[in-house]
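Below is one structure, written out as structure tokens, with a few remarks after it.
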Amino acid sequence: MSTAGKVIKCKAAVLWEVKKPFSIEDVEVAPPKAYEVRIKMVAVGICHTDDHVVSGNLVTPLPVILGHEAAGIVESVGEGVTTVKPGDKVIPLFTPQCGKCRVCKNPESNYCLKNDLGNPRGTLQDGTRRFTCRGKPIHHFLGTSTFSQYTVVDENAVAKIDAASPLEKVCLIGCGFSTGYGSAVNVAKVTPGSTCAVFGLGGVGLSAVMGCKAAGAARIIAVDINKDKFAKAKELGATECINPQDYKKPIQEVLKEMTDGGVDFSFEVIGRLDTMMASLLCCHEACGTSVIVGVPPASQNLSINPMLLLTGRTWKGAVYGGFKSKEGIPKLVADFMAKKFSLDALITHVLPFEKINEGFDLLHSGKSIRTVLTF
């Protein structure tokens with residue numbers, strides 16, 4: 001029996017308040033309006049950005065259904081939708097690509113003005129919500145809200161992918177892999193023979209390591225205080241791994257000594273102000289490029305000496321690895337299907353969706369790289 005045009009009742013993980021566990025609830029998911037798509041989720045990854053909301057470091061309206069790194073199958077579409085149809089395998093896009101705004105028209109940028117990241121409203125693009133629980137409307141997250149058996153997204157925030165794609169793997173291309181990998185190949189534009197440093201060896205950091213390797217870097221120095229992550233980093237391309245706690249001097253000084261004055265490219269993939277500064281300082285003062293990839297804590301500012309940049313450093317930021325999402329994500333999936341890279345090493349745990357809180361416990365303990373929840 002078709003569910004198109006009808007309210008769907010299903011399970012979702014609702015965050016009612018910060019610093020509390022998720023609650024598995026019965027929710028109602030309204031049908032898609034014009035230019036919207038309703039998706040049956042198949043697999044979703046647990047990303048640090050979701051945890052930033054739980055911890056209170058990233059502020060978004062509550063109660064909310066989080067989740068933004070996922071893959072699923074189109075259940076139904078609203079009026080006017082032309083780029084996907086029911087039955088298509090898709091990845092929701094936490095940064096849309098409307099194709100019409102100034103950013104989308106600029107070939108060098110991807111932070112579409114239809115995004116809900118900079119100043120979150122917790123709605124779809126028309127300003128309304130599609131989730132109800134216990135009679136209350138529930139907010140969306142980044143226009144995706146994938147911690148639900150069904151979700152509704154705008155058409156410009158979903159990408160059709162290869163019908164043969166294994167969704168329990170390519171869900172990582174929805175955020176973690178593309179964000180890290182693209183930060184190296186698209187944003188920093190790592191060059192062959194160069195020296196790189198990657199701060200933070202979670203799923204995104206390891207994907208940045210993979211990007212540096214793919215771009216031909218000669219040295220890739222992985223930096224983390226958790227030595228348990230070093231073997232995986234080396235497996236994926238790191239040439240050296242260092243723990244800041246093993247040194248008496250600041251880690252940027254250690255890196256500068258190791259690299260004749262500083263690395264060519266550095267990546268902060270943690271989201272801490274102190275490591276953002278260390279990452280900037282460890283790149284060469286005359287020709288280094290440092291990229292901020294980790295989401296910073298809310299309402300905290302950095303103050304820096306302008307001389308750090310005047311000498312020739314470049315300091316950049318990146319969302320979604322610089323990929324124009326609706327165009328770039330299907331191409332990455334095609335590359336995965338062509339075996340140009342593997343995602344297996346990033347997925348350390350697979351759990352049923354109902355065990356979402358266990359998945360976040362694994363994240364907090366540092367025992368997981370990526371936990372994938374299956375529906």
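Glycine is no exception: its Cβ is also placed from the backbone N, Cα and C atoms.
Note that the structure is predicted; figures quoted are calculated from it, not measured.
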Out of ARG121, ARG129, ARG130, ARG370, Swiss-Prot lists as part of the NAD(+) site with GLY200, LEU201, GLY202, GLY203, VAL204, GLY205, ASP224, LYS229, VAL293, GLY294, VAL295 the residue ARG370
Listed by Swiss-Prot with CYS98, CYS101, CYS104 as binding Zn(2+) 2, from among CYS112, CYS133, is CYS112
Per Swiss-Prot, the phosphotyrosine among TYR35, TYR181 is TYR35
In Swiss-Prot, the phosphoserine annotation, restricted to SER23, SER55, SER145, SER299, falls on SER23
If you count the other CB atoms within 10 A of the CB of CYS175 (Zn(2+) 1 binding site), including all protein chains displayed, you should get 32
In whole Å, the longest Cα-Cα distance within the recorded NAD(+) binders GLY200, LEU201, GLY202, GLY203, VAL204, GLY205, ASP224, LYS229, VAL293, GLY294, VAL295, ARG370 is 21
Note on Zn(2+) 1: the CB centroid of CYS47, HIS68, CYS175 has further same-chain residues inside 8 Å, namely GLY45, THR49, ASP50, GLY67, GLU69, ALA70, PHE94, LEU142, THR144, GLY174, GLY176, THR179
DSSP output for VAL204 (NAD(+) binding site) maps to helix
If you measure between the CA atoms of CYS112 (Zn(2+) 2 binding site) and CYS175 (Zn(2+) 1 binding site) and round to the nearest Å, you get 16
